[in-house]
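J.: Have a look at this one.
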């Protein structure tokens, strides 16, 4: 009997950014993840919102252990889609979510398993409650108690390598202390030679030592490589704050190249830095990897700095980390801000002097059209005399234009022309052939085509008019007198 499928609803379906990215995918994807020979395009901004490990740009691959189908289900969950899977697929998906830092998917898998089993795995619960114990290989490397006083761990904090001594530290003048100091200086010298190493491996769930994946920048070029180095892993606190074990196949992804990111469609400048996640604090190793690629920006940043930022973000070198400008100290930032503000103030106050180009002045507005003719009744003004006379007929009620086809009368010629179109006729019609013409000049040209012998006696051009005008002669004292003053 087959069990019913399990449905995991995604909490990111209501996020507008995730919805937009899901509709655009695979367009504008700046991340290409290879899993088991299959490539999955994605947006680094969406991945960074759910996991600190996945929020990287470029092309990288996951190690063995995660199947392409499991990773496809994880991506669908991240992009706001509900995932339906069989009960046998729940545990691999939960392990993949735990290894890649997708806490929301891991919790959803826990709830789904709790609904079915009503209790969590006792072995995993015991492992979460008890702190991680060192393996036998690590105890062998520690050696006898006399060797425990030697430097045991080297951790990165804020981009510097600091030696942490176990229990008791030797005196300053002792040979052991001198050797430790010399070794620390050698480590710093090697780090200055662009050997940037950050362990991103994980300890296996069975307590055995896993394989460390190291990030290294080659001095001869910008290409990076992954080196597998066997040996004991660094303490869990230096890389991950959670004590939950992760399988050895959870190899961290690796950034190889950059592509145009999703920030461009949101009109936001690209940000290089640590991917954010609300439940996973930033660690020293991540600070070391990403510290050199943060771009200091201020509200009054100089134009050159913005140009450099845009150039660095828009044209990255394939196979290399995105290079930003050199970091500025607080004093340099303040000096550049003051210099830029002062230059703007100088240009604003002295536009006509040398060194500051004058601002282009807007073209002057055209002068207002004069209206010398005013109505003596309502005071309305007009630019042309015939406009004023036509308006005056509103007060007198005069309609001098009458239609020859019906009793319709109009106040002006344009209104009569519109009325004649309702009869399907033009203002002028030949009495011989019935052809209509839109203007008096065209009617005169049309009548020249007829023989004069065909015209009836006493014919005039006015006989072609389809309207009649009974405008009386204007008195000498016009009610609408021109005015010399303009408003």
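Cβ from N, Cα, C; glycine included.
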J.: Quick one: which of 373-395, 465-487 does Swiss-Prot have down as zinc finger?
T.: 373-395
J.: List the helix, strand and coil residue totals of the domain 'BTB' (29-87) as derived from DSSP.
T.: 17 helix, 17 strand, 25 coil
J.: What residues in the same chain, six or more past the boundaries of the zinc finger (401-423), come closer than 8 Å to it by Cβ-Cβ distance?
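T.: Contacts with the zinc finger (401-423): 390, 393-394, 465-470.
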J.: Per DSSP, what is the residue tally for the zinc finger (428-450) in helix, strand and coil?
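T.: Reading the DSSP string over the zinc finger (428-450) gives 8 helix, 4 strand, 11 coil.
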J.: Counting each residue once, how many in the zinc finger (373-395) are helix, strand and coil under DSSP?
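T.: Per DSSP, the residues of the zinc finger (373-395) fall into 11 helix, 4 strand, 8 coil.
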J.: Counting by DSSP, what is the helix, strand and coil composition of the zinc finger (401-423)?
T.: 10 helix, 5 strand, 8 coil
